[in-house]
Amino acid sequence: MRTMWLGLICQRTFGESSHFKRKKMMHWTELKKEELERQFSPSLWSHRMSADDVIKAHVKALKEGTERARGLAQTLLNVPYGEGDGEKLDVYIPSTNSLDVPLVIYLHGGYWQFLSKEESGFMAVPLVDKGVVVVAVGYDIAPKGNMDLMVSQVRRSVVSVVQQYSHISGLYLCGHSAGAHLAAMVLSTDWSEYSITPQIKGAFLVSGIYDLLPILSTYVNEPLKMTEEVAVRNSPSKLVPQLKLSSSSCHVVVAVAENDSPEFRKQSEEYYKTLEASGLDVTFEDVANTDHFSIIEQLVDGEYHLTKLLLKMMGKS
Ligand SMILES: N[C@@H](CC(=O)c1ccccc1NC=O)C(=O)O
């Protein structure tokens, strides 16, 4: 009888809005290390294939898409945005006479320790076709780079792009997973320390992490070696007041995969709610039939829901 009653309590859904009906979840501080590590292992949650296979397929899809984009578009590869070896970006350029040319900067994922710009041009396939410039930014992943450096690098890459491409009709950001975290950090920049203040019109944050504290004690932090102080100052969830000052007119889309882990989904929901409560222009996209990897891989397809949404945001649908 007692177990039945407990079961009923656990199955009740909580949340103020119809958007976020979910089962009552433990707070991450109450989870054992093993469970936290499972929650922050996106590959374990895919319904499509095994953990190893989903990562292999992910890298393959990104590489193939990037090769296709490099074949289709005019490119400027390895353009420096700073002095460092890793401070380079790739530009995918449409052939168009239009004066209305938006530019989207893509920040790749991979837990700040995998992937590079070499497999990050895939989304240019449908976008360049519609007259959008795509920039894939490289940054120094761990162990070479640390969190403060990566955040500084992506901020400087945005400044450099704005300086190079002052004639564009609008600047947009897109990031996946760790790249969504970096994109949110760009939105939360105090630009007074930089030579210019970029005007970012829209940001697409896909399956991101916005609070770094839960990963501090997990395997994710092994190469990153973040202290609590580093994690706090690089957590977008703690920088929403700065985002409101710097990016008040930016349209933010917080997208999450239906089959992301509950903790990943919670990160997106909570960040969305905080932005919304601050009066920002923000939308939540719960993308059906996707996992942590397919949610971004499918951007090679012009007919994919998120591709269409991104084009619409840039006025190019
Ligand atoms: N241990 C992580 C690995 C991971 O996230 C990952 C690995 C290779 C390339 C990209 C990854 N993640 C997101 O882009 C996982 O379980 O998925």
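Glycine residues also receive a Cβ, built from the backbone N, Cα and C atoms like all the rest.
Note that the structure is predicted; figures quoted are calculated from it, not measured.
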Practice item. Name the residue range among 108-112, 268-272, 283-287 that TrEMBL annotates as motif 'HGGXW'. Key: 108-112
Point to revise | Distance, HIS292 (active site) to SER177 (active site, nucleophile) (CA atoms, angstrom) | key: 8
Exercise for review: Measuring Cα to Cα, tell me the gap between ASP260 (active site) and HIS292 (active site) in whole angstrom.
Suggested key: 5
